[in-house]
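Colleague: Just dropping this structure here.
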Amino acid sequence: MNEPQITEELIAAHGLKPDEYQRILEIIGREPSFTELGIFSAMWNEHCSYKSSKKWLRTLPTTGPQVICGPGENAGVVDIGDGQAVVFKMESHNHPSYIEPHQGAATGVGGILRDVFTMGARPIAAMDALSFGRPEHPKTAHLVKGVVEGIGAYGNAFGVPNVGGEVRFHRSYDGNCLVNAFAAGLADSDKIFYSAASGVGMPVVYLGAKTGRDGVGGATMASAEFDDTIEEKRPTVQVGDPFTEKCLLEACLELMQTDSVISIQDMGAAGLTCSAVEMGDKGGLGIKLVLDAVPQRETNMTAYEMMLSESQERMLMVLKPEKEAEARAIFEKWDLDFAIVGETIAEDRFLIVHGNEVKADLPLSKLSSSAPEYDRPWTPTPAAAEMPALPAIAPIAALKSLIGSPNHAHKGWVWEQYDTQVGADTVRRPGLGAGVVRVHGTQKALAFTSDVTPRYVKANPYEGGKQAVAEAYRNLTACGALPLATTDNLNFGNPEKPEIMGQLVGAIKGIGEACAALDFPIVSGNVSLYNETDGKGILPTPTIGGVGLIADLDDLIAGLPAEGDLALVIGETRGHLGQSALVAEAFGIEAGDAPHVDLTAERRNGEFLRAHGKLVSVATDLSDGGLALAAFELAEAAGLGVTLDSAEIAQLFGEDQARYLVACSEENAAQLVEAAQAAGVPLARVGRFGGEAVAFGGDAAPLAELSQLYRSAFEKSLNLELA
């Protein structure tokens with residue numbers, strides 16, 4: 001088959017800038033073949049190379065005594081004691097989910113699960129952080145339905161409980177939804193599998209499902225802005241099969257017990273290209289692939305298509321040669337393909353052969369570790385506009401503006417479509433704070449949360465970055481967990497615009513400072529840039545996935561308020577309304593600075609709560625919606641009313657950081673007050689749970705009326721009642 005001629009248009013269609021193409025010519029000393037152009041395009045795009053963010057990502061704290069493996073592998077690995085480790089990562093599937101919501105979201109789940117079990121871990125939990133456009137936008141309901149169905153269909157069939165996440169709506173996501181998928185698994189800490197190849201002449205083995213044309217060019221598409229040609233990109237979205245993935249999991253874990261695996265890597269973005277290059281580059285080796293041996297489900301596939309296909313449920317492995325028969329038998333038992341498609345070589349070459357023709361012969365290291373890296377110009381985000389004087393609003397009317405919005409209404413419609421209990425170890429389902437999953441057969445548990453407030457990050461990227469980490473820290477400590485480590489999913493617009501690059505730089509600086517101050521290192525992550533449509537960028541959305549350890553489930557804080565319990569706030573309340581949920585929902589404005597995060601107070605208050613968790617019935621962090629929304633959510637979940645003493649809007653709805661709302665008995669409250677005074681921790685009694693009404697100062701409404709609004713607003717705003 002004749003390959004296309006290399007033209008300026010073809011180079012541009014592959015997402016390569018003229019100076020990058022010039023660099024390719026200098027590296028190889030000739031014009032690339034069509035297949036080579038595709039390989040460079042895939043490896044040098046933002047999705048695979050992190051060329052715009054790498055400089056700043058290096059500044060993040062990634063180590064600690066608990067960290068076994070930080071960024072650079074398929075997922076991060078953290079010690080949880082007793083010879084066990086938790087393996088986790090968060091990754092975006094934004095562009096595919098906008099083009100084809102069901103399959104885009106489903107394969108996002110599949111990809112992150114493979115990242116985890118590639119390391120030798122059995123997945124035990126998933127989460128999803130979702131951002132959509134305005135509820136009234138013509139595409140939003142379609143996207144919400146498709147994405148939620150896709151996540152549920154894949155995760156439920158695979159058999160991993162979905163224990164948390166976020167769902168938000170904002171006009172900036174109208175043309176570019178975000179789907180950030182998180183997965184965590186358990187492994188023996190001395191049996192972690194890595195991706196660096198070793199040994200010359202070792203067989204390179206293809207495992208799993210067959211290769212088709214789905215997803216060809218997916219990584220390049222994920223590194224571009226959208227425009228009005230978006231519907232034409234549908235073929236670049238992959239198609240997932242969770243049953244095959246489940247078989248692949250079991251086959252891989254079985255194989256890993258046999259001392260057969262030298263290295264292993266899942267085939268994700270850029271498929272066979274990226275997995276082979278990363279394995280070779282990390283091991284300082286070259287790779288030769290013979291594509292005639294690649295299992296194919298379509299006819300007449302070209303080398304270009306096979307190298308760039310993103311067909312799902314596939315892995316690449318470097319195998320001990322003497323173990324071939326044993327390994328093949330395992331994969332055939334699970335009805336999966338097992339094919340030797342190449343070998344490791346000593347030279348720094350990526351050699352691709354198809355039909356006895358050399359289709360690509362490139363210096364392998366130049367594709368990965370020596371890929372372009374940019375120090376892009378950036379401008380700091382200017383100070384946010386000052387808060388205008390707000391119109392008067394009654395406290396209950398203010399609460400209704402929040403719970404009547406899909407951003408803060410009950411999200412049961414979403415998580416009731418997910419299997420939250422499969423595996424029988426889920427201790428705390430989605431809905432109130434962090435999800436909690438027992439470490440099977442033990443009294444230990446792991447807590448999981450995902451957090452970010454994009455309004456804050458836009459107004460003040462540095463403080464917004466700090467706050468995302470601090471909120472994850474609080475959500476973990478609020479359930480009694482010791483925060484261990486984080487994964488970050490940095491979703492931003494076009495980094496070639498200095499103001500967008502400034503958002504990214506500011507957020508990374510804030511994230512780094514918070515992670516360092518809280519001993520909460522980043523061990524894995526993902527960067528998704530060019531989240532723009534027709535030149536309009538999303539709110540900067542650096543999602544933080546946090547993982548914590550509950551050493552003994554007796555220390556879990558996960559009850560509900562009881563009749564007569566006191567409501568107390570740990571931490572200082574100043575009444576900060578800038579960029580608050582109330583101002584956005586009740587008045588439709590986004591103004592003022594983001595709340596500033598005192599990391600010393602965050603740590604002190606979090607450690608105080610963990611130390612005295614036995615005294616409280618329940619704890620929740622105070623963030624979006626402040627005290628009023630948190631108190632209502634706890635009361636509503638318990639089927640109780642709540643009375644807060646203050647009627648002052650700033651006291652009720654302010655979003656000061658480093659705060660928790662706790663419920664406890666009169667007797668325990670006295671002990672908590674005494675302990676707080678001794679520790680120098682601010683603690684204030686703010687009200688009481690009980691009765692059948694929600695009252696703020698003298699303003700009240702029946703709990704039943706508010707509960708009906710809270711539990712119906714999500715579906716009504718999106719016309720999902722009949723979905």
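Every residue, even glycine, has its Cβ placed from backbone N, Cα and C.
Swiss-Prot lists HIS47 with the feature active site, giving sequence analysis as the kind of evidence. According to Swiss-Prot, the feature ATP binding site maps to TYR50, LYS89, ASP488, GLY525, an assignment based on sequence analysis. Look at Swiss-Prot and you will find GLU91, ASN526 tagged as Mg(2+) 1 binding site. The substrate binding site annotation in Swiss-Prot covers SER92, HIS93, ASN94, HIS95, ARG114, GLN238, GLU310, SER311, GLN312, SER528. Annotation comment: Swiss-Prot describes HIS93 as active site, proton acceptor, evidence class sequence analysis. The Mg(2+) 2 binding site annotation in Swiss-Prot covers ASP115, ASP266.
Locate each feature and note its surroundings.
Modeller: All chains included, 30 other C-beta atoms sit within 10 angstroms of the C-beta of ASP488 (ATP binding site). ASP488 (ATP binding site) carries a strand DSSP state (E or B).
Here GLU91 (Mg(2+) 1 binding site) comes close to GLY108, GLY111, ILE112, ASP115, ASN180, ALA181, ASN489, ASN526: these same-chain residues lie at least six apart in sequence, with C-beta atoms under 8 angstroms from its C-beta. DSSP assigns GLU91 (Mg(2+) 1 binding site) to a strand in the three-state reduction.
In the three-state DSSP reading, GLU310 (substrate binding site) counts as coil. Summarising the environment of GLU310 (substrate binding site), the number of other Cβ atoms within 10 Å of its Cβ, over all protein chains shown, is 32.
Note: HIS93 (active site, proton acceptor) has non-local neighbours GLY104, ALA105, THR107, GLY108, GLY111, VAL179, ALA181, i.e. same-chain residues 6+ apart with C-beta under 8 A of its own C-beta.
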Colleague: Please report the Cα separation of GLY525 (ATP binding site) and SER92 (substrate binding site) in Å, rounded to an integer.
Modeller: 9
Colleague: 10 Å Cβ neighbour count around ARG114 (substrate binding site)?
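Modeller: Around ARG114 (substrate binding site), other Cβ atoms within 10 Å: 27.
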Colleague: Out of the binding-site residues SER92, ASN94, ARG114, ASP266, GLN312, give me the one sitting nearest to ASP488 (ATP binding site) by CA distance.
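Modeller: If we rank SER92, ASN94, ARG114, ASP266, GLN312 by Cα distance to ASP488 (ATP binding site), first place goes to SER92.
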Colleague: Report the same-chain neighbours of SER92 (substrate binding site): residues 6+ apart in sequence with Cβ closer than 8 Å to its Cβ, ordered by sequence.
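Modeller: Counting only residues 6 or more apart in sequence, the Cβ neighbours of SER92 (substrate binding site) under 8 Å are GLY108, LEU178, VAL179, ASN180, ALA181, ASN489, ASN491, ASN526, SER528.
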Colleague: Other than TYR50, LYS89, ASP488, GLY525 themselves, what residues in this chain have Cβ atoms within 8 Å of the centroid of the ATP site's Cβ atoms?
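Modeller: Near the ATP site, the remaining chain residues are LEU57, PRO71, MET90, GLU91, THR487, ASN489, LEU490, ILE522, SER524, ASN526, VAL527.
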Colleague: Under a three-state reduction of DSSP output, how is TYR50 (ATP binding site) classified: helix, strand, or coil?
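Modeller: Its secondary structure by DSSP: coil.
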Colleague: Under a criterion of Cβ-Cβ distance under 8 Å and sequence separation of at least 6, what residues of the same chain contact TYR50 (ATP binding site)?
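Modeller: The list for TYR50 (ATP binding site) reads LEU57, VAL527, given in order along the sequence.
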Colleague: Helix, strand or coil for ASP115 (Mg(2+) 2 binding site)? Use DSSP.
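Modeller: In three-state terms, ASP115 (Mg(2+) 2 binding site) counts as helix.
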Colleague: In Å, how large is the greatest distance between any two Cα atoms among TYR50, LYS89, ASP488, GLY525, the listed binders of ATP?
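Modeller: Comparing all Cα pairs, the maximum is 16 Å.
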